[in-house]
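*Asks:* One structure follows; several queries about it will come next.
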């Protein structure tokens with residue numbers, strides 16, 4: 001590895017360590033329960049699986065765009081470069097994917113489309129999960145209809161072009177010609193795993209009943225979606241925490257929700273590190289992964 005890449009990785013570890021230290025400091029003030037570690041271990045395993053699944057799904061999106069790649073290449077690359085998002089700017093993990101993909105003769109514009117497509121599908125599935133909190137089925141059905149129409153190639157190509165301009169990409173992006181239903185289902189699986197991980201964290205404080213699950217998953221979906229779209233809320237409160245407490249008020253005590261949000265943040269970071277470790281083990285010695293990943 002070139003010296004400057006070592007510096008990049010040291011920067012990643014420094015910012016990641018800072019984030020972990022901050023989260024651990026917050027967790028130490030939480031009310032500890034008898035089985036909290038068992039619940040959080042389950043949450044960590046599920047969330048690690050979600051990140052590995054996301055890496056595999058990204059490989060499938062490249063195949064959808066006409067550049068099929070094996071899962072044992074896409075998954076390690078995705079989870080290893082994903083740690084670079086903790087560097088200020090939140091773009092370095094994308095840069096790592098683009099650089100590594102070019103070693104396999106995948107054009108940068110294809111990787112850019114796959115990144116934009118991933119973001120749109122995750123936002124769409126978070127919306128689908130979010131509307132399950134309403135007892136009437138009208139809203140979920142309307143949301144599903146909006147999502148299914150929104151990812152139609154006619155609309156999707158225009159949204160991708162707009163998103164590319166917003167990110168400062170002047171490259172002409174290749175058009176999508178087929179309906180990405182399989183990718184939507186895969187993204188829904190990722191969001192379901194993330195929601196299950198949150199439920200495991202929350203289960204350390206309150207009993208999880210069948211009747212409450214749609215509300216809890218719906219609240220998580222909306223909170224994840226808002227946190228995905230907007231980085232910070234006024235007053236310094238994270239959008240995820242603010243949306244979570246607002247959407248689940250009256251169902252779960254506010255103190256428990258804030259404790260679960262803090263715990264989930266720590267579990268998520270540790271799960272990303274664990275997924276990167278799995279990716280390093282799977283991709284060990286692969287020359288098409290090591291030269292350019294961050």
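Note that Cβ sites are derived from N, Cα and C of the backbone, with glycine treated the same way.
What TrEMBL records for this protein is below:
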TRANSMEM  37-58  transmembrane segment
TRANSMEM  110-131  transmembrane segment
TRANSMEM  137-160  transmembrane segment
TRANSMEM  181-206  transmembrane segment
TRANSMEM  212-232  transmembrane segment
TRANSMEM  239-260  transmembrane segment
TRANSMEM  266-284  transmembrane segment
*Asks:* Is the transmembrane segment (181-206) in contact with the transmembrane segment (37-58), using three or more Cβ pairs under 8 angstroms as the rule and ignoring pairs under 6 apart in sequence?
*Replies:* yes
*Asks:* Would you kindly check 110-131, 137-160, 212-232 and say which stretch has the most C-beta pairs under 8 angstroms to the transmembrane segment (181-206)?
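*Replies:* By Cβ pairs under 8 Å, 110-131 leads among 110-131, 137-160, 212-232.
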*Asks:* Which bits of the chain, at least 6 residues beyond where the transmembrane segment (110-131) starts or stops, bring a Cβ under 8 A of a Cβ in it?
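*Replies:* For the transmembrane segment (110-131), the far contacts come to 54, 57-58, 61-62, 64-67, 94, 97-98, 101, 139-140, 142-144, 146-147, 150-151, 156, 159-160, 163-164, 167, 169, 171, 173-174, 176, 180, 183-184, 187-188, 190-192, 195, 217-222, 224-225, 228-229.
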*Asks:* May I ask for the residues of the chain that lie six or more residues beyond the transmembrane segment (137-160) and have a Cβ under 8 Å from a Cβ within it?
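*Replies:* Tertiary neighbours of the transmembrane segment (137-160) are 113, 116-117, 120-121, 124-125, 127-128, 130-131, 173, 175-180, 184.
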